[in-house]
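Written below as structure tokens is the structure these notes are about.
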Amino acid sequence: MQHPATEDVTEHHFPDEEDDENERDKEDEDDCWTPLQRASLGGDLAAVHAALASGADVNAPPREYYGRTALQAACSASHAGVVSALLAAGAEVDDLPGNNEAKNALQIAAGRPDLGIVRTLLDRGADVNRPASRYFGATALQSACAAGLGDVVDLLLRRGADVNAPPASTGGRTALQAAAEGGFQDIAKTLLLLPLPQPTEAGDQKRHHHHHHNRVPANVNAAACRSRGVTALQAASHRGHEGMVRMLLEAGADVRAEGGRYKGARALHAAAEGGYVRVCEMLLDAGAEIEAGAGPGWRGGQTALQSAAARGHDEVVRLLRRRGARGREGGGVFLLD
């Protein structure tokens with residue numbers, strides 16, 4: 001059995017993305033939440049009303065790395081009744097979140113399967129295009145696409161969500177990249193303005209996403225974010241979503257595009273690392289360079305052959321050899337995980 005090569009990842013971090021060695025775990029931060037924030041997270045409506053009646057600050061800011069306002073906490077657990085109570089008490093819909101998992105109320109709610117909360121926040125003036133925060137943030141539309149919530153995507157697009165809003169600089173995804181990573185083809189088609197299959201039964205109607213006029217399609221070749229970034233094609237390739245890969249290639253996705261500078265890779269490397277033989281074949285047939293290095297950042301000279309070998313994907317190794325790969329198999333590391 002082949003074991004992955006070890007690596008010292010600290011030498012590959014960018015200076016502004018160093019992990020904070022003193023960061024507390026979420027479990028250690030419970031004492032930093034106000035009683036109202038804790039009650040909102042737990043959906044305890046009686047405790048929420050009691051805290052508000054006693055003068056609790058409905059807009060107390062989040063504290064520590066994983067803190068949230070009361071409204072953000074309620075949205076994270078889809079407590080619609082608590083959300084309504086907090087809004088009635090004057091909760092600010094666009095307040096900033098804590099440092100990590102940094103999403104505001106709408107960005108959080110958009111990734112949860114409760115369309116009513118999303119609509120309520122929008123009706124109360126939430127900014128549908130609030131930018132993604134730098135560290136693993138996401139716009140509301142990006143959150144909905146990542147979660148595969150077609151109805152939420154549809155609502156956000158009707159309310160003017162920017163389909164091409166830039167991703168977070170670390171771990172970010174555009175809306176299309178997020179949909180591609182999850183294999184959500186109908187959502188990707190909606191973003192690309194491609195024809196959608198018509199519903200065949202009444203029960204399918206709610207899952208059918210209508211086209212939106214007067215907007216531009218998603219950029220199929222939007223660049224990967226700087227750190228831990230992938231293009232839409234790279235994301236789909238790494239997850240082995242053959243139908244998505246085919247659709248993106250037909251839409252003009254660049255099979256040779258570079259990934260993020262840290263923890264990024266080209267599409268062929270991504271598919272090889274995942275062990276997806278058929279996807280590798282599709283990418284090679286579309287013009288992927290079999291001897292190309294992974295990209296501009298760390299481990300940039302690593303080939304797809306080395307990526308496959310590092311994971312022990314012998315079938316991919318054999319495919320690449322048959323298709324002309326000549327380099328060595330050893331010395332590879334895990335590029336995308």
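Cβ atoms here come from the backbone N, Cα and C positions, even for glycine.
Residues or ranges marked as compositional bias 'Basic and acidic residues' in TrEMBL: 1-15.
The compositional bias 'Acidic residues' feature in TrEMBL is assigned to 16-31.
Summarising the annotation, TrEMBL assigns region 'Disordered' to 1-31.
Across the repeat 'ANK' (66-94), the prediction's mean pLDDT works out to 97. According to TrEMBL, the repeat 'ANK' annotation covers 66-94 (among others).
Long-range contacts of the repeat 'ANK' (101-133) within its own chain (CB-CB distance under 8 A, at least 6 residues past either end) are made by residues 66, 68-69, 71-72, 75-76, 78, 80, 83-84, 87, 93-95, 139-144, 146-147, 149, 151-152, 155-156, 159-162, 165-168, 172. Residues or ranges marked as repeat 'ANK' in TrEMBL: 101-133 (among others).
Per TrEMBL, repeat 'ANK' is recorded for 136-168 (among others). Counting residues 6+ beyond its ends, the repeat 'ANK' (136-168) has Cβ neighbours under 8 Å at 100-103, 106-113, 115, 118-119, 122, 126, 128-130, 174-179, 181-182, 184, 186-187, 190-191, 206-207, 209-210, 212, 215-219, 222, 225, 229 in the same chain.
TrEMBL lists 228-260 (among others) with the feature repeat 'ANK'. Sequence-distant contacts of the repeat 'ANK' (228-260) (same chain, at least 6 residues past either end, Cβ-Cβ under 8 Å): 167, 170-174, 176-183, 185, 188-189, 192, 194, 220-222, 266-271, 273-276, 278-279, 282-283, 286-289, 292, 294-297, 335-336.
Outside the repeat 'ANK' (263-295), and at least 6 residues removed from its termini, the chain residues within Cβ reach (under 8 Å) are 224, 227-231, 233-235, 237-240, 242, 245-246, 249, 255-257, 301-305, 307-308, 310-311, 313, 315-316, 319-320, 323-327, 334-337. Summarising the annotation, TrEMBL assigns repeat 'ANK' to 263-295 (among others).
Secondary structure by DSSP for the repeat 'ANK' (300-325): 17 helix, 0 strand, 9 coil. According to TrEMBL, the repeat 'ANK' annotation covers 300-325 (among others).
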Long-range neighbours of the repeat 'ANK' (300-325), counting only residues six or more past its ends (CB under 8 A): 1-2, 4-5, 265-266, 268-269, 271-277, 280-281, 284, 288, 290-294, 331-335
